[in-house]
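So that you can see what the record holds, here are the features copied from TrEMBL:
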- 74: active site, proton donor (ACT_SITE)
- 61, 62, 63, 64, 65, 66, 67: substrate binding site (BINDING)
- 72, 110, 113: Zn(2+) binding site (BINDING)
- 20-148: domain 'CMP/dCMP-type deaminase' (DOMAIN)
């Protein structure tokens, strides 16, 4: 038997320690979460991206009474960025959430969002940093690939 050990390095910052651009994305993600349409779960998620052209875009989760028809904030934002600026790579994706008007301590993407994040990263052939925003801390993951070990990608289709 062999053992395979997978590790991911995550940098943890107090919000006050964040560089200017990370702080902008942190705040933009929380601001976007306030506009989420989440009448069923009451879990408001926001996301913000920095594109390589300098644009910052944001989005949020959009629920639907037929639950599978809703969409998470991460996918809403990444699809919007891809539609609006198809040639601009995503450099950083920030994700934040609020419940009952209060900031949630930490949120991580669901499996479907991780798969879309991976595809976005591979589309541009550049790592996409992921900033997971909490109340007082932010967690910086070096790439979307780091969040999805043993991923399924386009190379599996060939």
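Even glycines carry a Cβ here, placed using N, Cα and C.
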Rounding to whole Å, the Cα atoms of residue 113 (Zn(2+) binding site) and residue 62 (substrate binding site) are apart by 14
Keeping only the binding-site residues of 62, 64, 66 whose C-alpha lies within 10 A of that of residue 72 (Zn(2+) binding site) yields 62
Sequence-ordered list of residues in the chain of residue 64 (substrate binding site) that lie 6 or more positions away and have a Cβ within less than 8 Å of its Cβ, or none, is 70
Spatial hits near residue 74 (active site, proton donor) (Cα distance within 10 Å) out of the binding-site residues 61, 62, 63, 65, 66, 67 come to 61
In chain order, residues whose C-beta lies under 8 angstroms from the C-beta of residue 62 (substrate binding site), counting only those at least six residues away in the same chain, are 36, 37, 70, 71, 76
If you tally other C-beta atoms within 10 angstroms for each of the binding-site residues 65, 66, 72, 110, 113, the top scorer is 113
Cβ contacts within 10 Å for residue 74 (active site, proton donor), all chains included, total 29
By Cα geometry, the one of the binding-site residues (61, 65, 66, 67) nearest residue 110 (Zn(2+) binding site) is 61
Same-chain residues at least 6 positions away from residue 67 (substrate binding site) with a Cβ under 8 Å from its Cβ, in sequence order, are 40
Row residue 61 (substrate binding site), column other C-beta within 10 angstroms, all chains, value 25
Across the domain 'CMP/dCMP-type deaminase' (20-148), DSSP labelling yields 46 helix, 39 strand, 44 coil
On average, residues of the domain 'CMP/dCMP-type deaminase' (20-148) score a pLDDT of 97
Within 10 A of the CB of residue 63 (substrate binding site), the number of other CB atoms across every chain shown is 19
Note on substrate: the CB centroid of 61, 62, 63, 64, 65, 66, 67 has further same-chain residues inside 8 Å, namely 37, 40, 69, 70, 71
